[in-house]
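Among the features that TrEMBL reports, domain 'G-protein coupled receptors family 1 profile' is placed at 40-291. The feature transmembrane segment is assigned by TrEMBL to 24-47, 59-85, 91-119, 131-156, 195-220, 241-264, 270-293.
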Amino acid sequence: SNGSDPSPSSFILASIPGLEAAHFWMAIFLCSMYIVAVTGNCTVLFIVKTEPSLHAPMYFFLCMLAAIDLALSTSTVPRVLSFYWFDTREISFGACLVQMFLIHSLSAIESSVLLAMAVDRYVAICHPLRHAAILTNAVTAKIGLVAMARGVVFFLPLPLLLLPLPFCKSRELSHSFCLHQDVMNLACTSTTASMVYGLIAILLVMGLDSILICLSYILILKAVLRLASWKERLKVFSTCIAHICVVLAFYVPLIGLSVVHRFGKDLAPLVHITMGNVYILVPTVLNPIIYGVRTKQIQRRILNLIHIRNN
């Protein structure tokens, strides 16, 4: 496109060419996923709050994860549903920047919480006698506050760096919501500062967290392999399975979306939109299901609630 708009009033959310007629059914599917995510995460929050035996660091971290997933899905999915059901493709410039900040900062906070959960597993397995003294409720709360501050501090500059840029007349995004790299690519001037800062922020948060999580599990594996029997090893390591699945559910879509942005410029719009929706919805849907299946205390409490309701 020729020319630029120094202050765009809005951006255009991406639609899938040729599949406009299927938007209604796509919205039904997304809405179902959103309902599952909200129900599952609210259930986790309710069970941990009402069950005194679950008032421990691991479950407090799980509550943080559930709250983040609720905020992340709620900041994106209702707007996507509005687009699919009512064809409201335009999103204001300010709303786009706010949504972009929420997506990236909440993802950073989730990454920090996943790292804290890995450290919790490491301390519980490698230093079980010191676990209660090291990870007290006060320390857990401070970790949550640091995770929140870290996400805000690192990713608040992203929308601020985009504010003064002129944008091309073509304002169509490649996703159904706003992401930093997607919005940045529409600028009609050099975006080197924004691109470099975004890369540094990702590396210092998600990149560093993933390395430290891997390091935690290397130390956990070394401790587990020192146990006498395979039965004992499997029993101890099984306490980490839920966390490993949650880590994969978060980082695999994140890496996939990054690869699509970096190398998939010639891919069909369907790929971009699908990867974006997977990145937003898959972790928020899977996290409560994974912990509900793998954690006996949560299973038992859910079954009790179902039994009480049926009576």
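Easy rule for this one: first residue shown is 1, then count along the chain.
Here the Cβ of each residue, glycine as well, is placed from N, Cα and C on the backbone.
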Point to revise | Of 59-85, 91-119, 270-293, whichever stretch has the most CB pairs under 8 A to the transmembrane segment (24-47) | key: 59-85
Study note, to complete from the structure: Long-range CB partners for the transmembrane segment (241-264) (under 8 A, at least six residues beyond its ends), listed in sequence order, are 65, 107, 110-111, 114, 117-118, 121, 179, 181-182, 202, 206, 210, 213, 217, 271-272, 275-276, 278-279, 282-283, 286-287, 290-291, 293-295
Check your understanding: Which value does the mean pLDDT take for the domain 'G-protein coupled receptors family 1 profile' (40-291) in this predicted structure?
Key -> 91
